[in-house]
């Protein structure tokens, strides 16, 4: 660390950009003197101590939570935040004290939010806007990096929900994307105030990823608000987000052109613009990927490892969601993955050939493609690359473990047939499907209100493995011909594993003969829909999710 910094200082001196001896960096020396495992133990001890102190105070002042004491709750929250501010100011470098103050402040923020929602009502946008203003004040005042990241993130969340209450739905990602870009492309202007603006930039990155996730689950959010007129806003929100993401990419690319002295007349400049267009277009195919790539691009451009890791994880998450949301066969999905991989490999080969052919270019031209070459040229495995490799392996391991568990259920699960209620073939843009309703649902829940979001029922199996409803599972021992099956409640409807059966286009007439749905049930009650059968129990075809 010291040798690399000394070498960098000597290089800057030769370029006559600095003069004199390199100044001592006391903050880094203090930070480097504490091993990470000691810092982890001190931080954990700070949280434990804070929880004990808050538990003692909470037991002494528990009456605040038993009656309508909105003013007292808000005042208690201000006191906790003030105590956290004092702790941050008295020992700004203390790890234990810093985590202690962070817990105090988070508790104070919870009390303030609680008091505001009791006082004004959580259904009012004013409560969210006041909470957002409070979080912005904490971002400005609290001299703690993690605290500022969280406060900025919470402020954006409160602003997002406040706009939702006003009927402006799904636009949090759009506004947050522009703010994130403006903060990071102006890094040179706020270098003097980096203790404030750097955590703000990271907080905006977290909010950007979260708000793109909200767009993916728009139907669930609409049902939460119980407002049907918001469909128009949710319909145009992805397009507005994509447009502002394109503007953000344009700002970042323009900054890269200025920083590396590129021009549109050069091949490198045209490649950068083409890459930006492709990155924006990716967001039109799979929602959220363009924002994740924007975070990744900013992380590489400004050498922020945290942004690179966050962008990579967000990209993997959004691509995975898009992959599993496709209503097509696994074979076609595999072709999509193979084609994408081949396209990326060919792109890398083309770029490497272009970079290797640039040996006759001048030094200034070579320096202008530094941003591209550092991504594509072969280099040693540093810590950043190892982190990326481990994250990819972790995600692939989790996905394959889930697939293995489901394959085990299909291979060794108990066979149970459930009689269908009248089937309802429908035609979708991406394939045909059958909306499923089972007679068992009416028998089990006709005279019973659903009290929980999930549970188990017991079915008796006859000689053909057809299940008949017996009762609700309460932990009792089952007979040999009995099976417990898990049910879930979504949007007020009872589901057994799924409410749809997908099949190949043009075969709808075959499945009009379906009378039973075949399930494979694990010992813990987990079930998977395997195929459809006719009245003679013959298999019509297998599910193709």
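Any Cβ shown, glycine's included, is placed from N, Cα and C.
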Ranges 15-34, 95-114: which does TrEMBL label transmembrane segment?
95-114
Averaged pLDDT, computed only over the residues in the domain 'DUF4401' (35-351):
77
Using a Cβ cut-off under 8 Å, which residues of the same chain at least 6 positions beyond either end of the transmembrane segment (120-138) come close to it?
81, 105, 109, 112-113, 147, 151-152, 154-156, 158-159, 161-163, 165-166
